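Colleague: Sharing the record's features from TrEMBL:
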BINDING   C31, C226, H251, E255  Zn(2+) binding site
BINDING   K286  ATP binding site
DOMAIN    370-437  domain 'Cysteinyl-tRNA synthetase class Ia DALR'
MOTIF     33-43  motif ''HIGH' region'
MOTIF     283-287  motif ''KMSKS' region'
Amino acid sequence: MKQNVFVYNTLTRTKEEFIPLDAPYIGMYVCGPTVYSDAHLGNARTYISFDLIFRYLTHLGYKVRYVRNITDAGHLEGDSDEGEDKISKKAKLSQLEPMEIVQMYATGFHEVMRQFNVLPPSIEPTATGHIIEQIELVKIMLDRGFAYEVDGSVYFDVEKYNSTQDYGVLSGRHLEDLLNNTRSLGGQDEKRGKLDFALWIKAKPEHLMKWPSPWSLGFPGWHLECSAMSHKYLGEQFDIHGGGLDLIPTHHTNEVAQNMACYGKNPAKYWVHTNMLTVNGQKMSKSLGNSFLPHELFSGDNNILNKGYSPMTVRFFMLQAHYRSTLDFSNDAMEASEKGFKRLMNAYTLLDGLKSSAETEIEIQPLLTRCYEALNDDFNSPVLIAELFEASRIINSVHDSKMKINEANLVELKNLMNTFVNGILGLQNEQAGTDELPQLMEFIVDLRSQAKSNRDYATSDRIRDGLQQIGFQLKDSKEGTTWSKI
Ligand code: AMP
Ligand code: ZN
């Protein structure tokens, strides 16, 4: 079934129909983590959001090449051209090799992604693995007059570029405005213009990670790696470029400028940006000191948390907000999500044991259409989840013999839940052994009926009360006995 997907494009500031450049192929590039510290929950939100997009487009039959890089060099403190490389600094502090730092945090990042059931990208390239490609881009920009060299460092000439292209096309903030609102930082006197940014930086003697180049022994500027790697694996123009919206004003703006300067094309047709996870209304960030780590949330081991929550509860919490809305973290919100997630999973568990009838009082097709409509509308996961709660109500009613469903609709209902809950939202049932629960309960209910028909009421009551104690309720009616979780 063909679906018309609409996506909000930061470039045009409108929701646009998503038309791939070369269907059925889709190229998607998402800026990956800088591996100098543990990925916090805010970072995880961004990658869970793109995981949903990746899963949905794949479900629709597209062949998605998803590139998500690892930044292992060139990202300086303060996200500018000043200060130390974040990874080198950490290496010095820990008395380790920079590559030990990279290995340690990349491994940790992958573990967090696995816990959240985020699928691995198709390619996960590193900045240090693409130094040659980055040097090639600098050469092109120098040749085309968009860059200049000063004492072994190379800078991008923003004002020169802006005379041919709009530098602020992505952020909506135009050059004059930016020039008026940017103060010159000390130590930037090499630059001709205060918005110019580094493409290649000559390394100071104490700098740890450096490579030979035509200009100096040095290292690439942070923004360059994404231009080089997206071009290498996805070409001059691809479908989706993503990241958190904090990357728009500098990192992505500069990436667009580099690609335009090299190839005359904006690298992506659709720029997709996720909003921030906040804590008490403030962006969760390591530098603000309000960040906490996924494993702290799982264990509850952080003084702002009342208790721990499972990885799937956290994933569900994230998906209950649209990716373009802010999401504020609180204990109350987590508790509400925990309840909601359990409700959804209880229904999911009942699905296998549902029995069909000859007639049906419910048609699943309209619900299925609404699930697709939700995702087609800019991947609206909260609306999808509301529809899945509707599906859960149907499951519970059929289970309690309050609603009849025929075989064809039951099959559709099962497919719908498997596809959307498991395949697209990536939610997994965490309760061990729950797959066999319906059969197990049916077995126990049978034993009790047998006891009753043998007039062994002591045993039948014992079974009912015992189940009640561990959280299952049995209901007897003319049609037989049904069970539910309390
Ligand atoms: P970094 O490792 O700092 O380069 O960030 C990795 C990704 O996480 C980027 O796409 C950021 O935009 C994103 N990010 C950082 N903080 C948050 C947050 N509080 N909420 C959502 N995404 C975030
Ligand atoms: Zn990037």
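Glycine residues also receive a Cβ, built from the backbone N, Cα and C atoms like all the rest.
Tell me about the surroundings of these features in the structure.
Modeller: Counted within 10 Å of its Cβ, the other Cβ atoms near C226 (Zn(2+) binding site) come to 30, all protein chains included.
Counted within 10 Å of its Cβ, the other Cβ atoms near K286 (ATP binding site) come to 14, all protein chains included.
Residue counts for the domain 'Cysteinyl-tRNA synthetase class Ia DALR' (370-437) under DSSP (helix as H, G, I; strand as E, B; rest coil) come to 48 helix, 2 strand, 18 coil.
In the motif ''HIGH' region' (33-43), helix, strand and coil residues by DSSP number 3 helix, 1 strand, 7 coil.
Mean pLDDT of the predicted structure over the motif ''KMSKS' region' (283-287): 88.
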Colleague: I need the CA-to-CA distance for K286 (ATP binding site) versus C31 (Zn(2+) binding site), whole Å please.
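Modeller: A Cα-Cα distance of 18 Å.
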Colleague: Report the DSSP secondary-structure composition of the motif ''KMSKS' region' (283-287) as helix, strand and coil residue counts.
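Modeller: For the motif ''KMSKS' region' (283-287), the helix, strand and coil counts are 0 helix, 1 strand, 4 coil.
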Colleague: Report, as numbers and ranges, every residue of the chain located at least six residues beyond the motif ''KMSKS' region' (283-287) whose Cβ falls under 8 Å of a Cβ in that stretch; write 'none' if there are none.
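Modeller: Same-chain contacts beyond the ends: 37, 40-42, 246, 276-277, 329.
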Colleague: Give the subset of the binding-site residues C31, C226, K286 lying near ligand 2, defined as CB under 6 A from any of its atoms.
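Modeller: C31, C226, in sequence order.
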Colleague: Compute the centroid of the Cβ atoms of C31, C226, H251, E255, then list the same-chain residues not in that set whose Cβ lies within 8 Å of it, in sequence order, for the Zn(2+) site.
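Modeller: Same chain, not in C31, C226, H251, E255, Cβ within 8 Å: W222, H223, E225, S227, H241, G243, L247, H252, N254.
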Colleague: For C31 (Zn(2+) binding site), just give me the three-state DSSP call.
Modeller: coil
Colleague: Please go through the binding-site residues C31, C226, E255 one by one and keep those whose C-beta falls under 6 A from any atom of ligand 1; give the result in sequence order.
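Modeller: What lies within reach of ligand 1, judged by Cβ under 6 Å, is C31.
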